[in-house]
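Below: the structure, in structure tokens.
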């Protein structure tokens with residue numbers, strides 16, 4: 001017997017939290033994109049972060065879309081965790097992943113058309129990315145003969161967890177070395193933090209309704225994603241507002257104020 005909600009109220013709350021998290025996380029990409037556009041520069045935005053972030057979101061999209069749309073993989077999930085357990089991926093998870101891949105790809109495109117100074121992708125980042133995708137291909141070859149697709153998408157889920165854990169590190173180090181967060185949008189971080197908290201809350205609502213914690217460890221990637229997001233976002237908030245506060249005369253880029261032209265009138 002397939003699983004279902006016990007409480008209509010909790011089901012509604014689950015959907016509301018999920019979609020609010022989706023919009024918060026989705027909108028979190030735009031402050032950085034708009035910041036780059038206004039400055040016509042990506043100086044201050046770490047390129048290693050972008051490359052690792054694209055790998056992370058691509059892996060997460062593969063996991064979410066596969067588990068949400070494939071009945072075969074869903075059967076494998078129920079065989080492993082029980083028929084009464086709900087699939088731990090919602091429509092908002094898939095929508096977020098699609099949007100995240102698109103916006104991250106567009107931000108990478110901005111790197112090629114705007115001023116970037118002497119910044120470049122590090123050899124360490126290139127090596128990590130190459131190793132991760134090579135390992136993913138090897139896992140695909142292993143899973144193919146036995147159709148062990150649940151195991152394969154769990155690999156991609158693990159990849160996104162790993163990428164989330166390390167993708168913020170280059171940007172945090174860069175801010176530390178520059179003693180500045182200029183070029184790195186705090187609007188992105190505030191919305192990202194909101195999405196992380198709501199995403200964790202959504203999982204908590206499902207757990208309360210089902211009287212089980214399976215959805216937390218059955219989709220450990222989503223659980224760790226929320227925790228990692230909150231941790232690094234708090235770190236960036238401390239860097240921006242406490243350690244390296246932006247001076248008023250330096251530029252408030254995240255929420256711009258349109259310039260007002262003042263005309264001086266000479267008395268006749």
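Glycine is no exception: its Cβ is also placed from the backbone N, Cα and C atoms.
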Note = Among 65-85, 149-169, TrEMBL marks as transmembrane the stretch 149-169
Query = So what's near the transmembrane segment (42-63) in sequence-distant terms, Cβ-Cβ under 8 Å and 6+ beyond its ends?
reply = 32, 36, 89, 94, 97-98, 100-101, 104-105, 107-108, 110-111, 114-117, 119-122, 124-126, 128-129, 132-133, 136, 153-154, 156-157, 159-160, 163-164, 166-168, 170-171, 174, 178, 180-184, 221, 225
